[in-house]
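Among the features that Swiss-Prot reports, signal peptide is placed at 1-22. Positions annotated as disulfide bond by Swiss-Prot: 49-62, 56-67, 61-77.
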């Protein structure tokens, strides 16, 4: 009888903790490795174009930006 009560209480506790943690993780990715992969994909060095203020000597500027301020060191991407 005591064992049954302990098991029931344990199951209820585990169920409640699962429901509580499910609310906190809503809208987040399930696996950390997937989040890290997305962060690496969006990393500044992984882009094929230069963002605002970045040099445009070795790579083209991103859409909506133009390479300005030539000179010896190359220009920078500006709107």
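Positions of Cβ are set from backbone N, Cα and C atoms, glycine also.
It is 10 Å from the Cα atom of residue 62 (disulfide bond) to that of residue 56 (disulfide bond).
Note: residue 49 (disulfide bond) has non-local neighbours 59, 60, 61, 62, 63, 65, 77, i.e. same-chain residues 6+ apart with C-beta under 8 A of its own C-beta. Every protein chain shown contributes to the tally, and the Cβ of residue 77 (disulfide bond) ends up with 22 other Cβ atoms within 10 Å.
In the three-state DSSP classification, residue 49 (disulfide bond) falls within coil.
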